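Novice: Input: one structure, supplied below.
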Ligand SMILES: Nc1ncnc2c1ncn2[C@@H]1O[C@H](COP(=O)(O)OP(=O)(O)O)[C@@H](O)[C@H]1O
Ligand SMILES: O=P(O)(O)OC[C@H](O)CO
C-alpha cells in the first residue's frame, strides 16, 4: 500500500501530512517559524527557516506514520502565495529575507504604477489589480534595494522564486528551478492567456527574465528529491498555491463551484472554467490549475484580515484567552447591538482595494459590551465575504447554489450560520477541513496514477454540516446596508493618503 505526502508551507507554519488512498490522514507534523517585522507594514520570513521547518516536518510525518520513502507514491507541494525569495544560483544562499504577501512596503511604488496608467495591461494580461500584495513589486524592491542585486541578476547569477520554487530548488539540491502556473499567476508579470512570462509586464516592472523559473503545470512529475534528504528519492508530482489547492481539495472541479477559506485572511475562489474572463469589480482572475494540457481559471476575492481579527481580540484587546472562546462570547448577546467592526487593519482587499483604509468600530453606546464587540468582529468577517460573493455572482453570471468552506475559523458555528444568513446561500462544511493539503495530495496522486480520475478523489469529500439561511431576506439586506455605511467610515483613513503625498512619520 502506498501513500501521498503533502507539504503545506503556510504563512505562519510549515506542515506535512501523509494521506492514504481513501483521503484519510495517517500522520501529520507542524512547525511554526519566525515572523519578522522590521518596520511598520513590513513582513519578512527567513527562507532558510522555511526550508528547514518544511524538511523537518516532512521527515517527522513519515516517522510518525512509520513509513519509508518507498511507501510514498509522490510528494505534492502547496504554499503561501506571492511571497518572494531571491537566491544565489551557485550557493543557494538567499540574498535577503523573503518578502511576505502581507508586506506593504511597495504600496507607494504600486501607486506610481497606477498613476502611470499600467492598470489595464496588468489586468488584461495577468488578471490582477496593481497592489503590493503580489510578488512583482517585491522582486523589483529587492533588485533596487539590496546592494549589487540588480547587476548580479542581469548577469544571471540570481534566481527568483515564490515559495514553491524555493522548496523545489532545495528538495532537488539546486537541480530544478521551476514553478507552477498557479504560483506564476500571482506575480503581476505572467500572461494568463499564453501561460508564460510576459515581456511587456517584465519591462514595466524592470525585472530581468534571467531571474525567472520555468513554468510547469500543476500536476506532473517534475523531479525526484535529492539523495540524502529521505532514505530514498521520492517523486515530486503536484504544485498548487494554497488557495487554488484548497479549491481542488474541495473538489470544485466544475464551473460555478466555489469555496471560501477562513484562515488568517479569507480567500474565496470560484471555478470559471477554461476561459480567463476578467472581473468588472476588481476581483482577480487567476489560474485554478493546469493538468493534462488543460487550464482552468478562477475568480478570486482576497480578504487580508479574516481569522486575524479574532487573534487581535485575543492578543491585542485581551478580551478572550483562546480563539475558540469567541463563539461563546459572541453568543452571550442576542445581536450586535448596532455595533459594526470593519477589520481593515492592513487596508481593504477585494473588491475595495483601499490600501489606506484602517479598522473601525462604529455604533458604540454606553450599553456596548465585549460580547457585542466579539459578535461584530465575527460578523465583520462574514460581511466582507458577502461583498465578494455578490460581485462574483455579477462577474460570472453564475448564481451559486452553495459555498464550501474550510480553514481554522470555519469551526465557528455562529460565524458559519451568520455567513449563510447574510449570503442567503447555504454554507457547506466538509468533514476534513485540511483541504489545502488534500488538494496538493490529489494533484500529485493524479499525476502518478495513485488516483486515476476526479471521481476517485471525490469519494473522500464528505459533508460535516450544512448551514441553511435562517434570516429573513429583508433583514439580511438591511444589515448589509448598515455594513456599507460602516465601510465608508473605514475608507481612506491613513494620514499620508489625505496629505497628498506629504511624508508623515
Ligand atoms: N473558533 C474560532 N472562531 C473564529 N476564529 C477562529 C477559531 N479558531 C481559530 N480561528 C482563527 O482561524 C485562524 C487560523 O486558521 P488557519 O486555517 O490555521 O490559518 P492560516 O492557515 O492562515 O495560518 C486564526 O486567525 C484564528 O484566530
Ligand atoms: O498561508 P495562508 O493560508 O495564510 O495563505 C496565504 C495566501 O496564499 C496568500 O495569498
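Every residue, even glycine, has its Cβ placed from backbone N, Cα and C.
Pulled these features from TrEMBL for this protein:
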BINDING   11, 81, 82, 133, 242  sn-glycerol 3-phosphate binding site
BINDING   11, 15, 264, 307, 408, 412  ADP binding site
BINDING   81, 82, 133, 242, 243  glycerol binding site
DOMAIN    4-249  domain 'Carbohydrate kinase FGGY N-terminal'
DOMAIN    259-447  domain 'Carbohydrate kinase FGGY C-terminal'
Novice: Closest to residue 81 (sn-glycerol 3-phosphate binding site): which of the binding-site residues 15, 243, 264, 307, 408, going by Cα position?
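Specialist: Smallest Cα separation from residue 81 (sn-glycerol 3-phosphate binding site) among 15, 243, 264, 307, 408: 243.
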Novice: Using Cβ atoms only, which residues of the same chain lie under 8 Å from residue 408 (ADP binding site) while being at least 6 residues apart in sequence?
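Specialist: Listed in sequence order, they are 262, 263, 307, 323.
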Novice: So for residue 15 (ADP binding site), how many other CB atoms are inside 10 Å of its CB?
Specialist: 23
Novice: What whole-number Å value do you get for the CA-CA distance of residue 11 (sn-glycerol 3-phosphate binding site) and residue 243 (glycerol binding site)?
Specialist: 12
Novice: Which binding-site residues from the set 15, 133, 307, 412 come near ligand 2, judged by a Cβ under 6 Å from any of its atoms?
Specialist: none
Novice: Find, for the listed binding-site residues 82, 242, the residue with the lowest Cβ contact count at a 10 Å cut-off, counting only other Cβ atoms.
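Specialist: Counting other Cβ atoms within 10 Å of each of the binding-site residues 82, 242 gives the minimum at 82.
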Novice: What is the total of other Cβ atoms whose distance to the Cβ of residue 243 (glycerol binding site) is within 10 Å?
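Specialist: Other Cβ atoms found within 10 Å: 30.
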Novice: Return the member of 82, 133, 243 nearest to residue 15 (ADP binding site) in space, with distance defined Cα to Cα and candidates limited to these binding-site residues.
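Specialist: That would be 243, nearest by Cα distance.
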Novice: Taking only the Cα atoms, work out how far residue 264 (ADP binding site) lies from residue 133 (sn-glycerol 3-phosphate binding site), in Å, as a whole number.
Specialist: 15
Novice: Please go through the binding-site residues 81, 82, 243, 412 one by one and keep those whose C-beta falls under 6 A from any atom of ligand 1; give the result in sequence order.
Specialist: 412
Novice: Taking the centroid of the Cβ atoms of 81, 82, 133, 242, 243 (glycerol site), which other same-chain residues have Cβ within 8 Å of it?
Specialist: 80, 83, 101, 186, 241, 267, 302
Novice: Near residue 133 (sn-glycerol 3-phosphate binding site), which residues of its own chain have a C-beta under 8 A away, given they sit six or more steps off in sequence?
Specialist: 82, 101, 102, 302, 304, 349
Novice: Within 10 Å of the Cβ of residue 11 (sn-glycerol 3-phosphate binding site), how many other Cβ atoms can you find? Include all protein chains, please.
Specialist: 20
Novice: According to DSSP, which of helix, strand or coil covers residue 242 (sn-glycerol 3-phosphate binding site)?
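Specialist: Helix, per DSSP.
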Novice: To the nearest whole angstrom, state the Cα distance for the pair residue 412 (ADP binding site) and residue 243 (glycerol binding site).
Specialist: 20
